[in-house]
Each structure stands twice: as structure tokens, then as C-alpha cells.
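Noted in TrEMBL for the protein shown:
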- 145-441: domain 'CDC20/Fizzy WD40' (DOMAIN)
- 197-238: repeat 'WD' (REPEAT)
- 280-312: repeat 'WD' (REPEAT)
- 322-366: repeat 'WD' (REPEAT)
- 410-443: repeat 'WD' (REPEAT)
Amino acid sequence: MSTPPHKIRTPDFDRLLPQRSLNPVQDLQMRIVTEESSKKRKLSVIEEEAQQEEENRLYRAVVGQAMLPLRETTDDIIHRLNSTPTKSSKRLLSFSTPTKERTYFFDSPVKSDYNSSPLPLEAQLILTSPRKPPRYISRTPYKVLDAPDLQDDFYLNLVDWSSTNVLGVGLGTCVYLWNAVTSRVVKLCDMASPGRGNSNTENVTSVSWMPTGSHIAVGTALGPVEIWDVHQSKQIRKMKGHIQRVGALSWNSYVVSSGGRDRMIYHRDIRSQNDYTAKLAGHRQEVCGLKWNPEGNQLASGGNDNKLLIWDRANDVPVHKFPHHTAAVKAIAWSPHSHGLLASGGGSQDKHIRFWNTTTGKALECYDTESQVCNLAWSRHANEIVSTHGYSQNQIILWKYPTMEQLAILKGHTLRVLYLSVSPDGENIVTGAGDETLRFWNVFNNGKKEKKRMTAFDIRSQIR
């Protein structure tokens with residue numbers, strides 16, 4: 001019998017003893033890397049939360065760029081990333097009284113722990129928040145008035161809406177007043193009436209209301225400027241100076257400035273016994289645009305010489321001359337939102353709307369409208385401007401300044417839209433054209449529903 005082979009038993013050990021490295025330098029490097037990793041893992045919970053919050057905020061800002069403006073610029077983000085992050089000032093285990101907001105957020109279903117959406121919370125709140133309904137701008141007028149004998153003349157200004165909600169219109173030799181509340185029409189005056197002593201028929205060439213709405217200035221074809229008291233239907237002044245037609249008028253408190261075909265501008269204080277208190281000579285052709293700024297210290301004038309001039313109230317020499325337009329400058333409008341911001345429009349050979357800073361005398365933006373610019377008016381409630389056009393368009397355009405995005409294009413007139421005025425509440429405009437109609441539009445309504453459209457009627461037939 002043979003003895004069975006002896007079975008070698010492998011000993012059991014309760015721990016593993018690693019073999020010592022043969023390269024002590026490599027071992028030391030591994031130890032250093034391990035210790036640094038350990039230190040990084042030992043960051044405080046508060047620091048980790050602060051770091052995570054910072055990373056999340058940056059992520060939301062970058063991702064949300066397509067949905068809403070960044071709360072910080074790109075330079076700010078780069079500067080913050082390159083700078084050393086500051087440690088949070090929070091203390092561990094500090095006592096604080098829980099608030100309702102924090103308690104609510106802990107149990108909120110939109111908390112990140114329960115959120116399955118890839119979008120950040122801010123983006124989700126924006127997407128789920130109630131939306132403002134889109135702004136509605138009616139493309140049709142809510143009222144149309146027939147205006148026989150409304151002259152088709154680019155250089156005249158025959159329509160103006162008063163602060164008391166009365167529309168003044170020059171039709172041929174007459175001035176009519178239309179009350180926007182009662183629709184009552186009154187003939188204020190007739191330049192061809194017997195007893196006026198005129199050898200020639202004298203057409204009305206411009207009308208402009210005094211800011212109080214109690215008096216109206218009337219420019220005539222022969223040159224005199226008349227001031228009428230509308231409550232008494234009586235002429236109180238007839239001021240001379242111009243030797244040709246007066247196509248532009250603008251009030252500054254008790255002073256009315258007039259511009260004529262004789263290239264002159266006169267300042268007339270109705271409290272003074274003199275026909276005029278100042279005489280300005282700067283244009284080489286007819287003055288067809290005239291507007292005082294809201295502060296009453298600068299006057300802008302436009303002429304058929306393609307020039308736009310800015311006058312100081314106390315001087316008879318223009319402080320700025322803008323020769324950029326290449327056609328007559330009739331359309332002039334001061335911004336009610338930005339001090340010294342002026343808009344002007346050029347005629348058929350220019351077709352541009354230009355913006356100016358009259359404080360510094362610098363030219364700003366310029367936009368090609370592809371049509372003759374007849375009139376301009378700013379919205380009082382928003383940074384918007386409306387323009388009327390002639391030749392090839394015969395339309396009204398509402399623009400968003402300064403991007404000049406077209407918010408609405410209004411059509412209805414069959415000839416060029418020469419006249420424009422804004423209602424006293426700042427929501428409506430009235431436009432007049434060579435087609436002998438006045439059309440009322442609700443363009444500055446901030447999304448309100450349009451008013452009921454009314455049928456056209458003849459202004460002269462409604463006189464009471």
C-alpha cells in the first residue's frame with residue numbers, strides 16, 4: 001500500500017498586505033496625488049452647495065440666452081470664471097428660523113429633486129407663466145369724414161386736434177371745427193365772406209391750436225396770421241409780416257411762430273401789441289415744417305431748400321444746421337420720451353426718416369421708407385412713431401423706435417396722406433389726404449379693442 005500524497009493547504013489571511021514599491025519616488029508621487037484628491041473630497045457641504053449653485057446659475061444664463069436676455073454680460077461671465085471663487089459666508093450648523101418660502105420650496109413639485117425637465121426652473125416658470133395677449137392694431141379707420149376742398153398741397157398744414165378734443169380743419173376759404181365728443185360741426189370763419197375787404201380770394205393754408213384749446217391760429221394765402229377765439233367765434237388779432245402764404249404754425253405757450261413762402265419765420269406773442277416780436281431768416285426757400293420742442297426752448301424748422309434748422313428761443317441765428325435731406329423737409333416731430341431727440345422726414349426725392357440729437361448736434365439713425373414722408377408724430381405712451389406717406393404708397397406706417405420695426409401698415413386713402421394730428425388722449429390719430437377725406441385710426445391703443453367704425457359724412461353738411 002502506498003501512502004496518499006500530502007495535500008498542501010493555502011493559509012487564510014484576514015487582510016491584504018500590499019507589496020512595497022520598488023520605486024520610492026513613484027510611490028511618493030502617488031501618495032501626494034491621493035492626498036490632494038482626498039482634500040478635494042473633504043470640501044464642506046456649504047462650499048459644495050455654493051459651487052453647485054454658481055454652476056447652475058451660469059448654465060441657466062447660457063441656456064436661457066435664446067429665451068430671455070442674460071442677467072450679466074459675456075465679459076462679466078468670463079471675468080467671474082477667471083477669478084478666484086470666494087467661500088461662502090454661511091456657517092455650518094447655524095441656527096435660523098424656517099420661513100414659509102423655504103418650507104414651500106422644500107415640498108414644491110418643481111424642486112430640482114422632482115424635476116424631470118431639462119430646462120432650468122426659471123425657464124419653466126417663464127414658459128408656464130400667463131402670456132400677455134398680442135397687441136391688436138386695427139387696419140381700418142373707426143371713423144371717416146368727407147372733407148370737400150381739402151387741398152392736395154404738400155406744403156400746407158390744414159388739420160390740427162386741440163387739447164379740448166375739437167378738430168380744426170381748413171377747407172378752401174373756411175375753417176371748420178368738429179367736436180369729437182358730440183360730432184357737432186361749426187364753421188368758424190370764411191375768408192371770402194363779404195366785408196373782409198380782400199380783393200382776392202384768400203384760402204386757408206394752415207391751422208394750429210393754442211395749447212389751452214381756447215384759441216386757434218389761422219394762416220392765410222396772402223400772408224396775415226389771424227387769431228380766433230373759438231368760444232366767441234370771433235377774430236381777436238390779425239398780425240402782418242409775411243408777404244406770401246403761411247404754410248406752417250407752431251405754438252409755444254402764448255407765442256405762435258409762423259413760417260411762410262417768403263422764407264421767413266416770425267415769433268408772435270398774442271399778448272403784445274406788435275405784429276411780431278422776432279424775425280428769423282435762415283431758409284432759402286419756403287418754410288413748410290415748424291415745431292417747438294416740449295420744453296419750449298428749441299424750434300425746429302424745415303424748408304423746401306432741403307434744410308433742417310434748430311433755433312434757440314433767445315437767438316435769431318440757428319444753433320444747428322442739418323443739410324442731410326435731399327428733398328423738402330415738412331415732417332418734423334420731437335420725442336416726448338428723450339430730451340433733444342428729433343425726427344424729420346424728407347420729400348419725394350429723399351424718402352428717409354432721420355433722427356437727430358439737438359443737444360449735441362449729431363445725426364443719429366437714418367431709415368429709407370421708399371416713399372415721400374409727409375408727416376410724423378410720436379406716441380405719448382410708448383417709444384413709437386407714426387409716419388404718413390405719399391406717391392406710390394399713400395399709407396400710414398407705425399414704427400418701433402429705435403429698431404424701426406414696422407408694427408402696422410394702414411391703408412385706406414387713395415391719394416398721398418398729407419395731414420396728421422394726434423388726439424388729446426394720445427391714443428388716436430386723424431389723417432387727411434388729397435382724396436378729400438379725414439380718417440380716424442386707433443393706433444396708440446396699447447391693445448385695446450377698436451372703436452366702432454362709423455360711416456362717412458360731409459363735414460359741411462353737418463353745420464349747426
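Any Cβ shown, glycine's included, is placed from N, Cα and C.
Counting residues 6+ beyond its ends, the repeat 'WD' (280-312) has Cβ neighbours under 8 Å at 154-155, 247-253, 257-261, 263-267, 318-334, 336, 339-340, 342, 344, 346, 350, 356, 358, 361 in the same chain. Per-class residue totals from DSSP over the repeat 'WD' (197-238), listed helix then strand then coil: 0 helix, 22 strand, 20 coil. Secondary structure of the repeat 'WD' (322-366), assigned with DSSP and counted as helix (H, G, I), strand (E, B) and coil, comes to 0 helix, 24 strand, 21 coil. Each residue in the domain 'CDC20/Fizzy WD40' (145-441) has a pLDDT score, and their mean in this model is 94. Beyond its flanks by at least six residues, the repeat 'WD' (197-238) meets 151, 156-164, 166, 168-175, 177, 186, 188-189, 191, 244-251, 253-254, 256, 258, 260, 262, 266, 268, 270 of its own chain at Cβ-Cβ distances under 8 Å. As a summary of secondary structure, the repeat 'WD' (280-312) carries 0 helix, 19 strand, 14 coil according to DSSP.
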